[in-house]
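Take a look at the structure set out below.
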């Protein structure tokens, strides 16, 4: 039975350990739910759009659906937090409190059992001591009797010795009788306590331990149920979140998104017209008619755009080439002129000026300080945006102006309603002076009238700009028709590949201006060639190029294309004098060469 008590001690301890083990499991599950909810919220926060101006808000159905899904996912994360909170309150907290109470109750029952066992052991020791004492006294009495009988039978023994042995025998016999009585009393007492211990005390303690263990099992069952109920309660809300995600997915409309893209990027520009025929044979006919012999040689020495531009070798310098020291000035003997049929003269260079022009193109100072900022379309941050949106294409400019006019009209309507309300209030005050002073409304009424005048002026100004844009679009359409009729007649103008034009300013190809600053760049980019031309373009609209890194151009000007538009709306171009920069792609009519190595 003592061993069974130890077994019950071990079993109840195992039950408490299992309870705490399950509590630890619930705690880790709560931490998982909390971390999961936290990570979901961080994910939603990462991909949610920042607060942006109204114009930059997402309008595509796919974007709106994605943001709706993020909102539903955020609600889903909130439900995971509810699950964690419910588990922590109903399961984990209850388990920890019950575990503490269970340990206290178990300790009390075990202490009672140990006390009962100790008391029984003490009774047994007392009984055993009395038994041993009685046994010892019995042996002493037997020895005293044997000694008395020996002396009594001995004839040589004196009467005094016999009498003394007899007294000793009587004493030992009396002590043996007393110990016998004490042993009998202790034995009876021990038997009674042992019966009480094994039939009353211990069964009661075992019953209490059994009830405690059963309550522990019931509590575990309740916690298992609560664990599942915490998850089941949020399932309807989670289902709604998932249904919201499905509805968001169904709301995606590809046709609407395509129409938004069309409306957003519609520029209003007309497609480019056909290129006019450029007759290069007139110089040959002129040479034959003049009977000169120097023209073919000069024609062969004319600067070709391939020679001028060349290939890019080695490392490319950022936005241009490594500046070189200035080349020696061009000697007069190297410059020749020739006449055209209309009497104008154009310059022709010998081989030495070709080398000079090559060097001078390399030494032109690049005007583009940050390629990355331009590629990302951040060049507009370098200067304030124009109030009339003249930096935008016509169609986009018209949309912006129309939006601003609508906003100003709404503000004007608000101010008008406010003025009417103030006038009515003023009339009420004049009829009923006790309600208020009519003069107190005059400053506010004056301010409202001033705001209305200002808004009317703004509306008139923007409407004038809008009319100007619409007029330009109509005029450009007319100019487009006229150019289609007359482009076959125009001859003798210079193409981007290096042919001649009627404009004397474009025909003269003198040395470009020197902008060499050798100390502004690192030495590791020395001896690099300029980028090759991959095509040419014609300016449809003038561009001022105030921002650094851009290239100003006039309407109708011909430029070399050295880098295509990468999707940011800007094309890198070069003038005939070697000056490079970025121009708006929507402002030019681009023609790329079939051979991309250069014109």
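Just so it is clear, glycine is given a Cβ too, placed from its N, Cα and C backbone atoms.
The coiled coil annotation in TrEMBL falls on one of the ranges 124-168, 169-213, 214-258, namely 124-168. Looking at 414-473, 474-533, the range annotated in TrEMBL as region 'Disordered' turns out to be 474-533. Looking at 363-397, 398-432, the range annotated in TrEMBL as coiled coil turns out to be 398-432. For the domain 'REM-1' (391-468), residue counts in helix, strand and coil come to 72 helix, 0 strand, 6 coil, using DSSP.
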